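**Student:** One structure, pasted below without further comment.
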Amino acid sequence: MVSLQQLTISILLLFTASVQSLDINVDDKDSICSAAKYVVQGIWNYYEGLKYGGTVGMFAPPNYWWNAGEAFGGLVDFYTYCQSDNSTLEKLIYNGMYHQAGENYNYIPSNQSMTEGNDDQGVWGMAIMEAVERNFTEPESHSWLEMVQAVFNTMNARWDADNCGGGLRWQIFTWNSGYDYKNSISNGCLFHLAARLARYTGNSSVYVDTAEKVWKWMEDVGFLTEEDNGDVRIYDGAKITNNCSSVTDLRWSYTYGVFMAGCAYLYNFTGDDVWLTRTNEIVQASLSYFFANKIMQETTCQPQNKCNNDQRSFRCLFSRCLGLTTQLAPETKDRIREVLEASAEGAAKSCSGGSDGVTCGENWAIDKWDGVYGLGEQTSALEVMMALIVEPPLSVKTGGTNRTDYSAGTNSEDNANKNELTITGKDKAGAGVLTAIVLAVILGGAIWMIF
């Protein structure tokens, strides 16, 4: 068995070359992988799993558990397309993802009950789905597919028909602030996973029905609307007070991404032009709002330099979803590819900061590092590069593994909104304060964006 020290040395030896900036040829896979290698080095700099006393699968604060899910999804793609012969990298990714699966293998580890929401579980589900669709090294006990099915089943079981006519709440646990808030990203993750599982397994009865249920609810509640110009607008969410009628008017790239790619998966699987139309509408809305001069930006906060740590990572999932959409709905490829190329070139030029000379920044439009750094900057840069070389995801029909369990997760208590864990009053109070801060940032965002 490889020791922690050996793993650390091996991974560091991957990146011994000295580089002061990243050059990238967007038409050359080797060039993209070469640049991405240094971005991945920056990701590992934040990793706690190689540090003495650190937690396997987690990244340094202020990054949350869900940020780790973002990172590992991109690392699976980097391994698959750029370094599939690197056994050290393979073990690091495998150990990190498997270690965070939780006691019931549904990505609800009890030690994350103070912060984990439905969206967090969903993001990890998306990461594990990357492993499924890339035939990444399988665990012996529970397959990646079984674990994604457990994520889907536990999320779907929390569908709350008693408030706002349906939908998922933001939070899983009743003691977390934000439990009274329903948001688009949580429901988007459920929609997205349903679409991917439908295509992968070939089973339409449960998964397509769930995707259609989520889409209809999003329209009915007013979280997803069509504007006069035909573009789709996806709002952040609303408190359940007054039937979710007071909608928070904030738009985030990753929310658009999960719905966009979900529609593309459904179109690819069903052949129904309704899903192609919806894909095209979200693509057009995304191109209109989240790009300036073809360069990707988190428009709701970035131009004002107001993005928080979470928001600075949203383009990670957005980029991944754009890449997947080009493969599943080829009709969108030319439009998306153009902006991905420009954004990847800008991201590479931003990766020219820090003491290593390749630390990535937030602003991809200025041809240099902007002084901003963090895990989100690294994962976003990685994903926009990987989106250029992504290949069609596997399914059971095209060579994917089929260790499936359609009932996975249904026998645990984690599918309930009220989870009976032994939590102290002090822990609940701390969780409430922590989540309240995040909710305040979301709901208060519209105020500072005016100025």
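Residue positions begin at 1 at the first shown residue.
Placement of Cβ uses the backbone N, Cα and C atoms for every residue, glycine included.
Per Swiss-Prot, the features are:
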SIGNAL    1-21  signal peptide
CARBOHYD  Asn86  N-linked glycosylation site
CARBOHYD  Asn111  N-linked glycosylation site
CARBOHYD  Asn135  N-linked glycosylation site
CARBOHYD  Asn203  N-linked glycosylation site
CARBOHYD  Asn243  N-linked glycosylation site
CARBOHYD  Asn268  N-linked glycosylation site
CARBOHYD  Asn402  N-linked glycosylation site
LIPID     Ala429  GPI-anchor amidated alanine
**Student:** Should Asn111 (N-linked glycosylation site) be counted as helix, strand, or coil on the basis of DSSP?
**Tutor:** helix
**Student:** Can you tell me which of the glycosylation sites Asn86, Asn111, Asn203, Asn243, Asn402 is spatially closest to Asn268 (N-linked glycosylation site)? Compare CA atoms only.
**Tutor:** Asn203
**Student:** With every protein chain in view, how many other Cβ atoms are within 10 Å of the Cβ of Asn86 (N-linked glycosylation site)?
**Tutor:** 16
**Student:** Hey, how far is Asn203 (N-linked glycosylation site) from Asn86 (N-linked glycosylation site), Cα to Cα, in Å?
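**Tutor:** Each residue's Cα considered, Asn203 (N-linked glycosylation site) and Asn86 (N-linked glycosylation site) end up 34 Å apart.
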**Student:** Measure from the Cβ of Asn402 (N-linked glycosylation site) and count the other Cβ atoms within 10 Å, all protein chains considered.
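**Tutor:** Around Asn402 (N-linked glycosylation site), other Cβ atoms within 10 Å: 12.
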**Student:** Please name which of the glycosylation sites listed here, Asn86, Asn111, Asn402, is nearest in space to Asn135 (N-linked glycosylation site), Cα against Cα.
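**Tutor:** Among Asn86, Asn111, Asn402, Asn402.
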**Student:** Reduce the DSSP letter at Asn243 (N-linked glycosylation site) to three states and note it down.
**Tutor:** helix
**Student:** Does DSSP put Asn86 (N-linked glycosylation site) in a helix, in a strand, or in coil?
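**Tutor:** Coil, per DSSP.
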**Student:** I need the nearest neighbour of Asn243 (N-linked glycosylation site) among the glycosylation sites Asn86, Asn111, Asn402, using C-alpha distances.
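**Tutor:** So, spelling it out, the nearest of the glycosylation sites is Asn111.
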**Student:** Counting Cβ atoms within 10 Å of each candidate's own Cβ, which of the glycosylation sites Asn135, Asn268 comes out highest?
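**Tutor:** Buried the deepest by this measure is Asn268.
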**Student:** List the same-chain residues at least 6 positions away in sequence whose Cβ sits under 8 Å from the Cβ of Asn111 (N-linked glycosylation site), in sequence order, or say none.
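**Tutor:** Result: none.
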**Student:** What is the number of other Cβ atoms found within 10 Å of the Cβ of Asn243 (N-linked glycosylation site)?
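**Tutor:** The answer is 12.
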